[in-house]
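**Q** For 560, 564, 665, 669, the entry in Swiss-Prot reads Zn(2+) binding site.
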């Protein structure tokens, strides 16, 4: 066994299986693409699932990968045990209907003993009782019965209850008695230990479970292998734990620069309690910063939602453990660069660091206060914690519930989570429900389709006479339809594009026997047949004429092509790390979702729009190229579009706009950028979790529709501003000219709106001088040791600004201010830096009928009539001790 770096081990794996004719699949992002069943990519095979189910055609029957994955279901064990991680890497080799048990075992043995030079004497094997082929194969490689451990269905049979399943064989490496004096009974009895390390698992998928525990042989047998990268590295580098390797030690060394504490590898055997806790904190930070960095790089922004909540939780857990090491300042953001080096991965270091720093700073502001609250509550309640305190720690101070639970566990304190269920549902929002919108309802008749029986010819043909290959209603195949219910038809050839890759289906007509029937929907089945939905009478054994709605197609092509140009322009504006998280193109508009660590400025969005219009003005021709995956990668084709799931990797269709972008795409596109005419961004809005959605339209018609809408919107704003100004200047007037040209009208009205806004602000500022003037000493009332200022004759328009300004200028005075409203009602504002404004208001509302609310610093309410000063003074004297 020779000592190798982690990067050398990974490359050895890839090169070894490439020599065995395996196609290398690069590590995919942690966020699953087109798979709502997963929160994260959580295994090496997760990104290849569609190849095994037959949904997608694999680039080769033999595949190899090194896939990064993320799991947080057992986060409490991270740092505590030798091998638990949030982010980990799985080495995988896979066979889809190609080699099987004998070759898979040969490859495993050869790689471990020849490439990694592990001594076979240190290898132990488990196998499924009854899997004689596997047993005999391992025996032929020199393994004795003592080294071959028989397993049960529970330990050595992969079965999800229904579908493909099969036995498995695990490979363990014996690290010797210094890790545990007990022998192979540790494996036999499934005892957690650090001596026998499982480094490899080969799953032989050879049966199908019908759901009733009846097993039938599969026609196509598969191999699914997973080898634990971090475990193999720790063995080859002789580290007692996974953390004692070049994957983690450089990160730990960087953490040590921020603290007087040191990580000590030798403590694994010494087991000094204080050092064990110190090591644990180092490990948690080193583990979490890897997951945090890679997840943010893959487009996840820290938030209180979904994946963003998990990343925020990891940041705060890591920051808390830094606190336990005496680190009282943000430091995690400094670790991003070293993470990139240890993972041999290129990151946008400045952007990721900035996001993490912002999270650390936000948490640091409330950490001390929140922790002190927790400590005080424990003292008051004699080491008991109330659910309401845990709720407040989350909502007010940003403590994830799980972090509070960990802090309490360290103090040996339990608390009941049952009362927090509703809270967790509301605030964790890590949805385990599958998405249902946009999914096709189950149509029983379509299960009768067993192969591809149709060709799409719509790239160049818009109408055709053809035959019907399949005709059905919801329940069964039919010879003709009755015209009363929805029906489904597959044609031998079709010009109608099916909804895919963010592009909506085509519209058009089926013509048969002088009857014209509208196409309602087009979608693909798993064989990539285009299934057309309609309502009308047609006969299967008679020819049909299909006619595309070309005007609708042009609008679809404009918007789909516009999406490509938008993606290219966004990469130009914000950098190549910009990713497409979703798109939706129909005949009316397009949308595009992308991650960014901040809100794009108006100037940046305008720059994106202007760049696209320059592409349009350049009149660039669109080209198509059909090639294989390897050639597409050489052309730097953008491979993230959703269309990829429908494509054969040996016959990929690229859409090319020279010098702008080359993208993998199966959709339809305009022939020249000039056909877009005009690209207009309608909005760029946050979807939460650091994801933004651009809505845009193409063509002059859509642009003018947009202008008309904006003009009406501006006119409404002008009218509102005019009314506000007239309340201050009753004689104010404004006449607007009628302009025919829409662009001129828009520009003119926008300027009027801006001018009015400026003028209105000037009027408010002039009124605000009241706030900046000296207080009237006659209106100051002394109640005990507190001072109150009462004034009920102030202007309504900026009363809240006056209250806030006076409070900041006079922090030792509490203000109760008022102004007349319509219908003889009266507005009251309470503003104080030293007393609870909301509690003062509550007392006011008890005496004077009304409603309102607020916070500690400022509160406002509405009462039925103007109050008398003497009543207020009496109220304050009677209740001053409660404020």
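Glycine residues also receive a Cβ, built from the backbone N, Cα and C atoms like all the rest.
Since the structure is predicted, the reported quantities are computational estimates derived from the model, not experimental observations.
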**Q** Show, in sequence order, which residues other than 560, 564, 665, 669 on the same chain lie with their Cβ within 8 Å of the centre of the Cβ atoms of the Zn(2+) site.
**A** 503, 557, 561, 563, 655, 663, 667, 668
**Q** Among the binding-site residues listed here (564, 669), identify the one with the smallest other-Cβ count within 10 Å.
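**A** Counting other Cβ atoms within 10 Å of each of the binding-site residues 564, 669, the minimum falls on 669.
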**Q** So for residue 665 (Zn(2+) binding site), how many other CB atoms are inside 10 Å of its CB?
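**A** So the Cβ neighbour count for residue 665 (Zn(2+) binding site) comes to 28.
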**Q** To see if you understand the setup: which same-chain residues, six or more apart in sequence, place their Cβ under 8 Å from that of residue 560 (Zn(2+) binding site)?
**A** 502, 503, 585, 590, 667, 668, 669
**Q** Specify the secondary structure state of residue 669 (Zn(2+) binding site) as given by DSSP, simplified to three classes.
**A** coil
